[in-house]
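Worksheet for the structure shown next.
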Amino acid sequence: MEVPPPLVLKRPLYVPSKTLMGPGPSNCSHRVLEAMSNPVLGHMHPECLQIMDEVKEGIKYIFQTLNDATMCISGAGHSGMEAALCNLIEDGDVVLMGITGVWGHRAGDMARRYGAEVHYVEASFGRALSHEEITFAFEAHRPKVFFIAQGDSSTGIIQQNIRELGELCRKYDCFLIVDTVASLGGTEFLMDEWKVDVAYTGSQKSLGGPAGLTPISFSKRALTRIRKRKTKPKVYYFDILLIGQYWGCYGTPRIYHHTISSTLLYGLREALAHFCAVGLKAVVRRHQECSKRLQLGIEELGLEMFVSREEERLPTVNTIKVPFGVDWKKVAEYAMRKYSVEISGGLGPTVEHVFRIGLMGENATVERVDMVLSILNEAIQSSKLGIKTDLSKI
């Protein structure tokens with residue numbers, strides 16, 4: 001039997017233009033998109049290695065770190081989570097997960113697969129974790145590794161006390177992993193000053209790059225622990241000592257580890273170059289100002305933010321309570337069909353409870369804020385009135 005070529009691949013590729021105002025990815029700039037149209041390079045070509053070096057310096061800047069072990073994992077943000085846990089955890093290690101949404105549970109699932117004894121400290125619904133709650137959990141479990149998401153995109157909660165958690169982890173001889181996938185670029189993060197041992201982020205959110213590369217950095221303290229492991233990390237692909245050699249992190253000759261996408265490197269390089277040109281503080285300030293404008297607009301529309309305390313609201317992924325009697329799916333569908341604008345529903349504990357509006361990268365502008373507020377209001381009013389719109393004709 002011969003399998004014929006699929007008819008769908010005989011048609012030209014068509015990709016519609018959409019404004020991505022959900023929890024990520026965000027829209028790439030023309031600069032980033034144009035960069036990715038450059039010719040492909042071999043993964044060990046000197047020109048590719050040079051671009052990797054430039055990307056590495058950009059990552060150090062956005063994390064505010066001087067760590068040698070700074071690089072990218074080839075994979076989505078989950079690969080950063082896997083790499084952080086895979087390298088730090090050995091069988092029987094006690095690991096504590098901070099829970100403010102879905103990501104602490106996801107990390108716990110991963111850690112258990114690496115042989116860890118996993119415990120959780122969980123915040124009240126719609127709240128960040130207090131220092132007292134975390135300290136109590138440290139006393140109870142004495143963890144070797146503590147994981148926390150600085151910003152949880154499922155709930156729109158920001159954990160503001162990372163600096164204090166760095167001190168707490170040093171006091172208990174514990175290693176601090178911080179997930180900054182949804183927060184970096186939209187809020188302050190000082191890896192070295194706050195004594196964070198491992199940090200990783202996503203390339204496709206506030207950075208405005210393509211998905212598929214995950215910036216990650218390990219402190220000297222974390223690197224020492226990894227080098228003293230009794231066993232090798234359980235996943236070869238995530239072995240940071242090997243990946244770091246490929247990225248030229250340790251002053252040793254570069255080795256082949258895997259075939260990195262030069263195309264994705266070009267895009268991330270230009271996204272980082274934009275951050276450097278504008279300045280990290282200015283980028284953070286723009287994201288925060290846009291979030292405040294959105295929150296004021298939500299209040300004026302008679303809607304309510306999901307996170308009650310303003311200081312605990314994540315600027316990049318804003319969560320709004322779904323009004324009683326409104327079907328969030330119909331609202332999201334209306335926005336997409338009529339305006340090609342993405343407005344997302346909840347994730348994990350917030351499914352059917354919230355809308356999620358992302359203000360990240362190219363979409364963190366006053367114009368985009370005003371646009372999404374107008375569309376959200378129109379879509380909700382349409383839903384409340386029970387207007388049966390034939391969306392296929394919009």
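The backbone N, Cα and C atoms fix where each Cβ goes, glycine too.
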Per Swiss-Prot: pyridoxal 5'-phosphate is bound by ALA76, GLY77, HIS78, GLN204, TYR256, THR259, and from SER130, SER153, SER154 the site also lists SER153
Neighbour count check, CB within 10 A, over binding-site residues SER153, GLN204, THR259; minimum at THR259
Pick the one among the recorded positions HIS78, LYS205, ARG356 whose Cβ has the fewest other Cβ atoms within 10 Å in this structure. HIS78
List the Cα distance (Å, whole number) between ARG356 (substrate binding site) and HIS78 (pyridoxal 5'-phosphate binding site). 20
What's the number of neighbouring CB atoms sitting within 10 A of the CB on TYR256 (pyridoxal 5'-phosphate binding site)? 10
